[in-house]
Ligand SMILES: [Zn+2]
């Protein structure tokens with residue numbers, strides 16, 4: 001079988017001093033040697049050529065990610081990006097016009113923009129929070145600023161906002177605005193250059209090639225999180241720290257997502273699956289990537305060590321809670337609390353639990369949006385599933401559920417998703433926070449589900465559901481195994 005991912009090739013295997021922790025692209029994770037199932041972690045680092053550990057601190061291991069990933073282009077050059085994901089030949093999945101050329105142009109634009117504002121003396125004169133939005137003027141126009149005034153509106157169109165913010169700058173602009181609006185930049189004395197750098201790195205670490213798990217999804221989740229944080233129960237009791245953790249967790253919760261799911265990483269023996277012992281592989285990676293970028297940017301370097309540790313650990317609590325395979329675990333815990341009526345929001349542990357539930361809601365809230373937005377998200381996630389299915393077919397791997405474009409239908413996928421995951425979660429959320437927003441979200445879910453059912457019935461009455469050729473026509477024949485090609 002042809003190799004469908006590429007391990008990092010970096011001749012950098014040597015112990016990493018602790019102070020280098022925040023170097024560009026480094027991801028840290030706490031571990032013992034047993035984590036890798038081999039007695040000597042160095043064996044693994046030698047094998048990969050890219051993993052080192054700090055010999056003075058046996059609990060810390062570092063993966064060096066710089067230059068780790070090279071996405072091959074048709075033009076024959078390799079464009080580097082931050083982070084790590086399983087190597088997949090994206091020539092299969094994406095046209096050149098969708099990936100390399102705009103990416104490179106955008107990076108240059110960002111670099112120029114960053115240089116421009118670094119040269120500005122405003123930052124070195126100590127002009128800070130009250131003018132925070134000023135630095136983004138170059139990056140979005142008046143319309144985007146107008147949209148931000150209504151960022152708490154549930155009908156907020158994140159796709160439009162993304163187009164208005166230089167197309168793909170929505171996560172930086174939106175997160176910066178929300179942190180500023182809550183007075184968090186001023187309260188926590190955040191350095192705006194570091195904050196900006198952190199947010200740009202976060203946005204860059206999302207894969208723009210992914211149809212769904214990209215920076216626009218992260219911006220959408222951050223906007224939803226903001227709406228939930230404004231709900232009366234939360235707004236009254238949550239501290240500025242809680243809001244800071246909640247917004248950063250939302251912005252980083254899918255960092256460096258490879259566009260394939262955990263079973264794919266496991267069956268292709270990807271090193272992340274080995275590293276995290278096949279458990280919440282992606283979520284662990286998102287969390288560790290977020291920690292790496294926080295340390296690299298030095299955003300919280302001025303805070304006491306205890307606060308920094310708390311931030312990293314709470315980010316982990318929140319991001320790991322987005323593992324959809326653990327949904328029932330969180331949901332039953334939520335139900336027990338609601339049945340007993342024992343949630344006390346003056347208790348920091350309970351507030352953290354509600355932040356977890358809020359992030360889970362924000363992460364799967366697509367069907368709670370208006371039909372137009374919801375349908376657009378559905379198309380994107382289906383495309384990502386089917387792209388994975390195409391790779392699985394090409395490399396003769398087991399086909400993952402929902403990924404076979406020849407068999408699956410978007411309406412069926414959505415009805416199942418809404419019935420088994422979305423409705424149960426949002427019904428409980430509405431019990432916790434019975435507000436107009438919760439009722440609006442449940443209303444949209446009901447209407448959207450009815451729309452999908454209508455489409456499902458139309459397809460079955462037209463006999464569409466038993467016509468694999470229809471799906472087959474949409475498949476790029478170059479991605480198919482030889483025996484499946486049309487003769
Ligand atoms: Zn997500």
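Yeah, the Cβs are placed from backbone N, Cα and C, and that goes for glycine too.
Feature annotations, reproduced from TrEMBL:
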| type | residues | note |
| --- | --- | --- |
| DOMAIN | 136-459 | domain 'PDEase' |
| BINDING | 213, 214, 215, 216, 217, 254, 363, 414 | AMP binding site |
| ACT_SITE | 213 | active site, proton donor |
| BINDING | 217, 253, 254, 363 | Zn(2+) 1 binding site |
| BINDING | 254 | Zn(2+) 2 binding site |
| REGION | 453-487 | region 'Disordered' |
| COMPBIAS | 454-463 | compositional bias 'Polar residues' |
For residue 414 (AMP binding site): DSSP state (helix, strand, coil): helix
Per DSSP, three-state class assigned to residue 214 (AMP binding site): coil
Chain-mates of 217, 253, 254, 363 with C-beta within 8 Å of site centroid, Zn(2+) 1: 213, 218, 221, 250, 257, 286, 322, 362
Residue, out of the binding-site residues 213, 253, whose Cβ gathers the largest set of other Cβ atoms within 10 Å: 253
Cα distance (Å, whole number) from residue 363 (AMP binding site) to residue 253 (Zn(2+) 1 binding site): 9
Neighbourhood of ligand 1 - binding-site residues from 214, 254, 363 with Cβ under 6 Å: 254, 363
Extent of the AMP binding site in Å [max Cα distance among 213, 214, 215, 216, 217, 254, 363, 414]: 22
List of residues, in chain order, with Cβ under 8 A from that of residue 216 (AMP binding site) and at least 6 apart: 158, 159, 162, 168, 170, 171
Fewest-neighbour residue among binding-site residues, criterion Cβ within 10 Å, set 214, 414: 214
For residue 217 (AMP binding site): intrachain residues, at least 6 apart, with Cβ closer than 8 Å: 206, 254
Lowest local Cβ density (other Cβ within 10 Å) among binding-site residues: 254, 363: 363
Residue 253 (Zn(2+) 1 binding site) in three-state DSSP notation: coil
Helix-strand-coil residue split for the compositional bias 'Polar residues' (454-463), DSSP-based: 8 helix, 0 strand, 2 coil
Close in space, distant in sequence - residue 215 (AMP binding site), Cβ under 8 Å, 6 or more apart: 168, 170, 171, 202, 203, 206, 208
